[in-house]
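Below is one structure, written out as structure tokens, with a few remarks after it.
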Amino acid sequence: MDKYARNYLAEGIKNKDEIIVTPESEIYKSLNQHYNRNNHIQPPERLSLVIQETLREFFCAVQSGRDAEPSWKKTIYKVINRMDDPIPDYFKDPNFLERLEG
């Protein structure tokens, strides 16, 4: 995340509102590929919004120099945590992985 935030700063982005994430964005595709390698699961509708807000938080932290402080990411994780959805019941099914592969 902070790599993307630093790239936006290097590209001259000045305002966090200029950062827009869609399912076509490189960061969205990269994260989806990393966590949903075989595309077995439909990404949540809110995923692009959560990625966007997370990236904006990292951007603001880097822009303001807070990334030089120890534990600078903790504050960001607290913001992200509030955006979490409950874990769907189908993930809790003991046969979940078998169903994906079948």
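Any Cβ shown, glycine's included, is placed from N, Cα and C.
Annotation source TrEMBL lists domain 'Prospero' at 1-101.
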Local confidence of the domain 'Prospero' (1-101) - pLDDT mean: 92
Within the domain 'Prospero' (1-101), residues counted as helix, strand or coil by DSSP: 62 helix, 0 strand, 39 coil
